[in-house]
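Annotated features, as they stand in TrEMBL:
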{"type": "BINDING", "residues": "Asn7, Glu383", "note": "Mg(2+) binding site"}
{"type": "BINDING", "residues": "Lys14, His207, Leu208, Gly209, Asn210, Gly211, Asp282, Phe283, Arg284, Gly330, Ile331, Gly332, Glu333, Asn334", "note": "ATP binding site"}
{"type": "BINDING", "residues": "Arg90", "note": "substrate binding site"}
{"type": "ACT_SITE", "residues": "Asp147", "note": "active site, proton donor/acceptor"}
{"type": "SITE", "residues": "His179", "note": "site 'Transition state stabilizer'"}
{"type": "SITE", "residues": "Arg240", "note": "site 'Transition state stabilizer'"}
Amino acid sequence: MNILVINCGSSSLKFQLINSESEKVLAKGICERIGIDGRLTYQAAGSEKTKTEKDMPSHTEAIQYVIEALTDNETGVIKSLDEIGAVGHRLVHGGEKFASSVIITEEVKKAVEECNELAPLHNPANLIGVNACEKLMPGTPMAAVFDTAFHQTMPEKAYMYGLPYEYYEKYKVRRYGFHGTSHSFVSKRAAELTGRPYDATKTIVCHLGNGASVCAVKNGKSIDTSMGLTPLEGLVMGTRSGDIDPAILEFIAKKENLDIEGLMNMLNKKSGVQGISGLSSDFRDLTDASLAGDKRAKIALEVFSYRVAKYIGSYVAAMNGVDVIAFTAGIGENDELVRAAVCSYLGYLGIEFDEDANNTRGQEIELSKPGSKVRVFVIPTNEELAIARETEALIK
Ligand code: AMP
């Protein structure tokens with residue numbers, strides 16, 4: 001079966017057409033600047049990438065262009081829409097309503113809408129993608145795969161904040177966690193690589209991308225993760241602060257004359273390694289600058305790795321041990337210096353770190369030497385494939 005995987009943002013829409021039997025990507029691309037002007041980047045497997053300016057007043061036109069490209073006589077990989085068996089949509093926030101992926105119905109859409117205020121930037125955009133697909137592909141089954149669902153196994157002691165309980169009761173203020181599809185995919189793969197049963201393995205997944213989170217997966221279930229009600233909590237990220245003393249907000253608001261919107265903008269867009277370095281949120285820029293002697297770039301990189309190592313330590317405590325640690329996403333897969341820095345704190349776990357193996361990028365590889373008490377891997381994440389697998393399982 002061919003499955004169209006859609007990741008829809010407010011002005012962009014990423015897609016991949018994946019064959020579920022071979023797990024090969026038949027074609028992929030992105031529509032950008034939707035609602036502004038519009039650009040389609042499209043690549044069929046084995047062909048060159050093409051970029052075309054297209055008029056995209058809304059997501060419906062964007063999906064229409066995607067369908068046209070996929071079925072085009074020259075660039076296409078399928079003859080007609082009938083060859084798409086299902087659509088898998090990435091949805092960011094499923095709140096407490098969704099502990100797993102589901103087939104999309106009117107009821108499901110309503111329930112997702114009720115989670116909108118928990119992810120006001122993402123969920124409404126995700127739903128626009130669902131509606132646009134339904135309009136153009138009536139009758140094709142669609143699945144919703146939530147970023148939060150994998151973490152619904154967290155126990156109360158992990159998800160409750162030290163806040164008045166009524167905020168949980170009235171507004172569902174609690175920790176949810178994100179990147180669930182990636183944490184699930186990578187932790188499963190980690191168990192496979194070690195030859196251990198998934199339901200008897202303690203794994204810590206470090207999803208280190210522009211957004212970054214760490215997850216403790218005990219016996220196949222997420223028992224804790226570093227992001228919270230929103231993706232702002234936890235690690236120091238590209239432009240997000242992660243954990244801070246909440247009293248800083250009042251202090252800075254008064255000093256800088258900022259309102260709540262200004263504060264949130266600062267925390268989400270002007271903080272993290274970008275804020276510390278004053279230079280860039282991209283780790284390649286920071287590494288270059290740090291090697292050239294830039295002090296703030298060096299501090300930013302050290303703060304980032306130190307925070308990751310502290311979270312790993314806390315999850316070792318939460319699981320009473322760890323069998324595997326996995327690095328994934330843009331930084332985790334590609335930045336050998338960050339991986340080495342994080343692992344430099346983990347000698348107490350009996351990790352024997354293989355510096356030579358670490359000098360590789362973007363590949364699945366073991367970073368621990370034979371005999372290491374805890375095994376360490378780089379496992380490239382593949383959220384689209386995970387969504388396609390979930391979608392197929394639901395359809396079947
Ligand atoms: P992601 O959000 O998973 O796409 O990760 C994006 C981030 O990965 C970028 O902002 C970079 O900081 C980082 N990244 C990507 N490629 C490299 C690389 N070759 N070396 C270091 N960092 C990289």
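Placement of Cβ uses the backbone N, Cα and C atoms for every residue, glycine included.
Structure with TrEMBL features highlighted.
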| residue | record | DSSP class |
| --- | --- | --- |
| Lys14 | ATP binding site | strand |
| Arg90 | substrate binding site | strand |
| Asp147 | active site, proton donor/acceptor | coil |
| His179 | site 'Transition state stabilizer' | coil |
| Leu208 | ATP binding site | strand |
| Arg240 | site 'Transition state stabilizer' | coil |
| Asp282 | ATP binding site | coil |
| Glu383 | Mg(2+) binding site | helix |
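Ranking the recorded positions Asp147, Asp282, Glu333, Glu383 by other CB atoms within 10 A of the CB puts Asp282 at the bottom. A straight line from the CA of Arg284 (ATP binding site) to the CA of Arg240 (site 'Transition state stabilizer') spans 18 Å. Asn210 (ATP binding site) has a Cβ environment of 17 other Cβ atoms inside 10 Å. Summarising the environment of Arg284 (ATP binding site), the number of other Cβ atoms within 10 Å of its Cβ, over all protein chains shown, is 12. Residue annotation for ATP gives Lys14, His207, Leu208, Gly209, Asn210, Gly211, Asp282, Phe283, Arg284, Gly330, Ile331, Gly332, Glu333, Asn334. The furthest Cα pair among them is separated by 24 Å. For Asn7 (Mg(2+) binding site), the same-chain residues that are 6 or more apart in sequence and have a Cβ closer than 8 Å to its Cβ are Leu13, Lys14, Phe15, His89, Arg90, Gly129, Glu383, Glu384. For ligand 1, the recorded positions lying close by, meaning a CB under 6 A from one of its atoms, are Asn210, Asp282, Arg284, Ile331; the full candidate list was Leu208, Asn210, Arg240, Asp282, Arg284, Ile331.
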